[in-house]
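Working notes, beginning with the structure itself.
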Amino acid sequence: MKLLSKTIVASALVVAMIGGAVAQESVATLRSGVALDENAKPPQIPAMTNNDLRQVRNYPEQPPLIPHKIEGYQIDINANKCLQCHSRSAIGESQAPMISITHFMNRDNQFLASVTPRRYFCTQCHVPQLETDPLVENTFVDVDQVLEYVAGQQKEEK
Ligand code: HEC
Ligand code: HEC
């Protein structure tokens, strides 16, 4: 019995060690192949995308990406820089898109007169982008492509 549990512990250890080695390898790829005990040359900090072009949403519920710089924009109990342009009353002057009606709805589905507390911290959901290449490969496809694929499959079945 004792021997059996020792074997189990030993094999668990081997599995953990192999797992660790694999994890180490995948971390190393983000370090451009530089060994873990050496300092890699830090990459240049990329610029924040600031082209003012609204981006296509990948699916209807996606919070739209921020197409402008937000460095130093204050969002706390005293001030919300975003609302200085995106609130209902500000858009005449700023010509920014207004926060949508969902941003006025509290958790009991009641519409408030101003932004609901659960939508106050804009950057919880909305993020700016950086002018850089993705660090890892990404095979995400747009929902339109998924629909096309499903339609194709259904045709084949008929
Ligand atoms: C100085 C005014 C101003 C401020 C401050 C500002 N925005 Fe904007 N925002 C705009 C304008 C104008 C646009 C329209 C596109 C453009 O011109 O960049 C825009 C576009 C956006 C969009 C894209 C909307 C869409 O439908 O694609 C998002 C999201 C957004 N802003 C979020 C924010 C957040 C979050 C903050 C605060 C961190 C913020 N903005 C602060 C003016 C502003
Ligand atoms: C909990 C997540 C969340 C938070 C917090 C949030 N948003 Fe949004 N926002 C969304 C989603 C999801 C959408 C797209 C669907 C919709 O309109 O509700 C959106 C849409 C928008 C749009 C586009 C509206 C349109 O009609 O095209 C703007 C502009 C925007 N948000 C700005 C803001 C600003 C400014 C804040 C902070 C005061 C904020 N959002 C906080 C999730 C969020």
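Cβ atoms are placed via backbone N, Cα and C, with glycine included.
As annotated by TrEMBL, signal peptide applies to 1-23. As annotated by TrEMBL, heme c 1 binding site applies to H68, C82, C85, H86. The heme c 2 binding site feature in TrEMBL is assigned to H103, C122, C125, H126.
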Distance from H126 (heme c 2 binding site) back to C85 (heme c 1 binding site), taken between C-alpha atoms, in Å: 15
Heme c 1 site shell beyond H68, C82, C85, H86, criterion: Cβ within 8 Å of Cβ centroid: I66, I70, K81, L83, Q84, S94, A96, C122
Site extent for heme c 1 (largest Cα pair distance over H68, C82, C85, H86, Å): 13
Cβ within 8 Å of the mean position of the Cβ atoms of H103, C122, C125, H126: remaining residues of the chain near heme c 2: P63, C82, I99, R119, F121, T123, Q124
Neighbourhood of ligand 1 - binding-site residues from H68, C82, C85, H103, C122, C125 with Cβ under 6 Å: H68, C82, C85, C122
Tertiary neighbours of C122 (heme c 2 binding site) (same chain, Cβ under 8 Å, six or more apart): I75, N80, C82, H86
Using Cα positions only, nearest of the binding-site residues to H68 (heme c 1 binding site) (H103, C125, H126): H126
Proximal but sequence-remote residues of the same chain as H103 (heme c 2 binding site) (Cβ under 8 Å, at least 6 apart): V115, T116, R119
